[in-house]
Amino acid sequence: MNQYKNFIMQFEDIVGNNNVLIDEPMKKHTSFKVGGPADLLITPTTLEQVKDSIILCRNNSIPYYIIGNGSNLLVRDGGIRGVVIKFLKLGDIKVEVDRVIAQSGAPLTNICNEALKSNLGGLEFACGIPGSVGGAVTMNAGAYNGEISQVIESAKVIDKDGNVFLLNKEQLDLGYRMSAIQKYHYIVLEVTFKLHNSEYDTIKNRIMDLNRRRTEKQPLEYPSAGSTFKRPEGHFAAKLIEDTGLKGKSIGGAQVSEKHSGFIINKGGATAGDILNLIEFVQNKVKEKFQVDLHTEVRIIGEENN
């Protein structure tokens with residue numbers, strides 16, 4: 001049993017007995033399908049439970065990690081010491097005139113579909129992004145010339161001391177794959193998007209077109225975390241990797257996708273170690289050839305295997 005067993009009952013008091021898992025394999029909770037066990041994994045069902053869980057962790061010096069859909073996450077093979085707070089059950093979405101308000105765990109696809117039903121445009125670019133809205137805002141996710149920064153109005157967040165407050169668009173300070181949320185280690189609880197009225201068919205056709213392009217160009221048939229690397233200034237990561245001759249390069253079960261060099265995929269039976277070794281190999285080779293540093297877009301957490 002792990003060192004946090006003494007807190008199991010306290011977490012169960014907060015989130016309920018059925019929402020606390022012990023030594024939970026993180027490969028069940030990430031799109032890469034890899035990762036060792038988390039000491040505890042809890043799934044709060046209300047924002048108040050999130051706040052109480054964070055305060056319990058803070059007061060007892062328990063490390064904690066927030067995850068949504070696990071789609072931009074790589075957990076090392078040794079797993080996670082401490083508590084994973086998964087926002088899976090915090091997915092409420094409501095539409096108020098031209099605004100869509102969503103809890104942090106709501107999948108982007110669900111939010112896009114609610115906007116579509118209400119003839120609200122602006123989020124079409126996000127419909128194929130597999131993550132939840134909390135993670136999307138934290139990293140200012142984007143695709144096909146669209147970014148969260150273009151449509152967000154505000155975000156309700158919580159800090160490490162359990163204080164809840166609202167950040168407007170300016171305070172969120174959204175840049176390329178960055179935000180004030182990352183900088184100050186805030187956690188997103190709820191997001192308000194301001195959209196525009198549009199025709200149902202116009203929105204639907206745009207979504208279908210972007211999803212068709214994704215399917216044609218991206219290795220969606222394999223586990224991955226989407227684009228592995230951020231776009232280096234003045235370059236495209238996929239082109240640098242391809243021009244280095246690394247398309248199809250494998251280490252263990254991890255491979256640089258033959259369909260899109262910007263994706264590292266789990267071809268089958270990969271470990272987190274395989275993926276991390278391949279990431280480092282690609283970074284080194286691209287640096288040698290082009291003197292360009294590739295930085296990961298995927299979030300990497302957890303312990304190495306002993």
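Each Cβ is built from the backbone N, Cα and C atoms, and glycine gets one as well.
Taken straight from Swiss-Prot:
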ACT_SITE  R177  active site
ACT_SITE  S227  active site, proton donor
ACT_SITE  E297  active site
DOMAIN    34-198  domain 'FAD-binding PCMH-type'
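The Cβ of R177 (active site) has 18 neighbouring Cβ atoms from other residues within 10 Å, across all protein chains displayed. R177 (active site) sits 8 Å from E297 (active site), taking the CA atoms of both as reference points. Taking the Cβ of E297 (active site) as centre and 10 Å as the limit, one finds 18 other Cβ atoms among all the protein chains shown. The average pLDDT for the domain 'FAD-binding PCMH-type' (34-198) in the predicted structure is 96. Counted within 10 Å of its Cβ, the other Cβ atoms near the residue listed as 'active site, proton donor' come to 20, all protein chains included. Rounded to the nearest whole angstrom, the C-alpha distance between S227 (active site, proton donor) and E297 (active site) is 7.
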